[in-house]
Ligand SMILES: NC(=O)c1ccc[n+]([C@@H]2O[C@H](COP(=O)([O-])OP(=O)(O)OC[C@H]3O[C@@H](n4cnc5c(N)ncnc54)[C@H](O)[C@@H]3O)[C@@H](O)[C@H]2O)c1
Ligand SMILES: O=C(O)C[C@H](O)C(=O)O
């Protein structure tokens, strides 16, 4: 049996966590042979509710869960953490844009970045789910002076999975037939779901659908999917968000075998996106590390979409600049 690893989940009393904790505990994220210690963090007011979730974790008698800790103190919850899933933040309600969340949620991530820097494993892998995820990841990363910036990532995997599902439906294929999907940029309405390199089986996706569908249907549907779910459910997406978080960490930790996935990562100048933002890129993962897929040709349409979503991230950054020091 492997040595247990510590998995911290914040917002542990919330609705995404109510799905995520049980997927992690069952082995979906790190594999069926990897025991886990769950470190669950929420605010003091939510601890009573979190107690109920912990009771349910106990009642599942998961073979892989060796210990469950519930806490309202990030310094306690991140002690020795190997994998941190930062979910805890206020979600968007009907009619709100992600920008509206910036101020409310930004401070959470400066506190948690500092705590991770002090207490987590030196190899911790951090995924930020709480919105606005890219800029929150930037805040956490900037406040974690003792960790490598590359240890901080943001979730655009839900957008990636949504894009797979839309294209599969349109082309009458299965999501598993589709490869080389890309989400560039921000997890927001400016994101650019790019199918110019995508294959459906052996065929180029651009030859199976027309550009009008891409521009008028596919891209807006993926960009607006979060809002559509909020409208339909009265609550933001939860089970699908948890599933995407599991996919993101699974692939980062265990590798993608050459498959492309999309991750929000610190920009390094690749594809003309200057350093200083956390930007969605196509990556492959191996040996616990991700690498940006390099050398892709970028047409004029893609360039303008990629620049627009970068611009939004720069504006978000400007709004919270003082939290980056
Ligand atoms: N990146 C994505 O693709 C994606 C998808 C869906 C939702 N989200 C975002 O995920 C976040 C959580 O969504 P939810 O539906 O689970 O919300 P929720 O309101 O059900 O749960 C949020 C939880 O976070 C807790 N919390 C607040 N401040 C905290 C802090 N400082 N430390 C620890 N916990 C704290 C709250 O008490 C609550 O229990 C929201 O910001 C939402 O917009 C992101
Ligand atoms: O859109 C939202 O605010 C929720 C979430 O980020 C989503 O994409 O479902």
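We count from 1, first residue shown onward.
Cβ from N, Cα, C; glycine included.
TrEMBL labels come from automatic prediction, so no person has curated them.
Annotated features, as they stand in TrEMBL:
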ACT_SITE  187  active site, proton acceptor
BINDING   11, 12, 13, 14, 15, 16, 17, 42, 105, 112, 129, 130, 131  NAD(+) binding site
BINDING   92, 98, 131, 162  substrate binding site
DOMAIN    5-149  domain 'Lactate/malate dehydrogenase N-terminal'
DOMAIN    157-321  domain 'Lactate/malate dehydrogenase C-terminal'
Could you tell me which of these recorded positions, 92, 162, 187, has the greatest number of Cβ atoms within 10 Å of its own Cβ?
187
Out of 13, 17, which has the highest number of nearby Cβ atoms, where nearby means within 10 Å of its Cβ, if these are the binding-site residues?
17
Taking only the Cα atoms, work out how far residue 11 (NAD(+) binding site) lies from residue 92 (substrate binding site), in Å, as a whole number.
14
Pop the Cα-Cα gap between residue 92 (substrate binding site) and residue 15 (NAD(+) binding site) into the table, whole Å please.
13
A correct count of other C-beta atoms within 10 Å of the C-beta of residue 131 (NAD(+) binding site) gives 27
How big is the Cα-to-Cα gap, in Å, between residue 129 (NAD(+) binding site) and residue 92 (substrate binding site)?
13
Smallest Cα-Cα separation from residue 92 (substrate binding site) among the recorded positions 13, 17, 105, 131, 187 is shown by 131
Where the residue listed as 'active site, proton acceptor' and residue 17 (NAD(+) binding site) are concerned, what is their Cα separation in Å, rounded?
19
Which one of the binding-site residues (15, 105) has its C-beta surrounded by the most other C-beta atoms within 10 angstroms?
105
Do any of the binding-site residues 11, 15, 17, 105, 129, 162 touch ligand 2, in the sense that the CB is under 6 Å from one of its atoms?
none
